[in-house]
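As given in Swiss-Prot:
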type	residues	note
REGION	1-155	region 'Molybdenum cofactor biosynthesis protein C'
BINDING	L74, C75, H76, M110, E111	substrate binding site
ACT_SITE	D125	active site
REGION	156-312	region 'Molybdenum cofactor biosynthesis protein B'
Amino acid sequence: MEFTHLDENGMVRMADVSGKPPTRRKACASGRIVMLPETIALLRRKELPKGNVLAAAKIAGIQAAKQTSTLIPLCHQLNLSWIDIEFEIGDDSIGIAATVITRESTGVEMEALAAVSVAALTIYDMCKAVDKTMEISAIRLDHKTGGKSSAAEYHPRTAILVMSDSIAAGTATDHSGAILREGLQKAGCAVEALTITPDEPVEIAATVEAWIGEGIEFIVTSGGTGLGPRDLAIDTLAPKFTRRLPGVEQELLRWGQTKTRTAMLSRLAAGVIGNTVVVCLPGSTSAAKDALEVLVPAIFHAFPMLKGDGHA
């Protein structure tokens, strides 16, 4: 198991999320503080000596969510879009629920948990003069959405085609195909083939057509998307698309452009041939890594849709 918060020497470090595209993320956490019924009665009547307990607790919880990266050393500084805290007053306890939303490259679970924790501590502080029996309990993450954990669980049968005269001739080594295979396998895909062909249209087309005939659902190609005379992937495969996937193309180009200025020269393409999704990538290792960040797991939603199972 790979731990992102440990370096090769076992020392703690922040996880590097710079390679992850920002997405909408939401986390909800909850907790409870138990107290005497008499304390609840004072709170309801707003007769506690320190004033409006729940108003102060809500503000404190919101501030705690904003300050999570300061309180917890390895948390990232995030631009939080929305924070809300709600209270449920019972006979002998107060339930606390926090919701935090952001559009960032990592989640806001810790921010939601921090909000609940500090809201509970604030209630404790403001009531402790009249109640020595209070107990904070059951602080937990209820659910989160966004990022990879909320993606569709479908994992397509996959094949990877590397197009390169030099790699096919044995004068160069394939790295991009290996990166794609490792990344897609980690994402749960069954990578059934990794094939290397020269930049020959007939061989490229024959390989892809054979895979489609075998029921391969997801084909990722590497190489042949540039402006050179032997960059023939797009010229060979794009005319076979029954439908283009412009959103996939745009996101791959946009993400690549944030890393490499020359990404705008790529002719990468994405489309559907029958019921097979085909994504044609540049041949660089950086393009392969970027594609994994962009495609996984969002692209997996396409396959149930192609089968007529809707947009769930």
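Cβ coordinates come from backbone N, Cα and C, glycine included.
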**Set of same-chain residues at least 6 away whose C-beta sits under 8 angstroms from H76 (substrate binding site)** = M14, A15, V17, S69, E104, S105, T106
**Message:** I need the least crowded one of these recorded positions (E111, D125), counting other C-beta atoms within 10 angstroms of each C-beta.
**Reply:** D125
**Message:** Measuring Cα to Cα, how far is M110 (substrate binding site) from D125 (active site) in Å?
**Reply:** 22
**Request:** Give me the Cα-Cα distance between C75 (substrate binding site) and D125 (active site), rounded to a whole Å.
**Result:** 26
**Asked** Could you give the Cα-Cα distance between L74 (substrate binding site) and D125 (active site), in whole Å?
**Response** 27
**Prompt:** How many other Cβ atoms are found within 10 Å of the Cβ atom of L74 (substrate binding site), counting all protein chains shown?
**Reply:** 12
**Message:** Taking 10 A as the limit, how many CB atoms besides its own sit near the CB of M110 (substrate binding site)?
**Reply:** 22
**Asked** What is the separation, in Å, between the Cα atoms of E111 (substrate binding site) and D125 (active site)?
**Response** 21
**Message:** I'd like the Cβ neighbour count for C75 (substrate binding site), meaning other Cβ atoms within 10 Å of its Cβ, all protein chains included.
**Reply:** 19
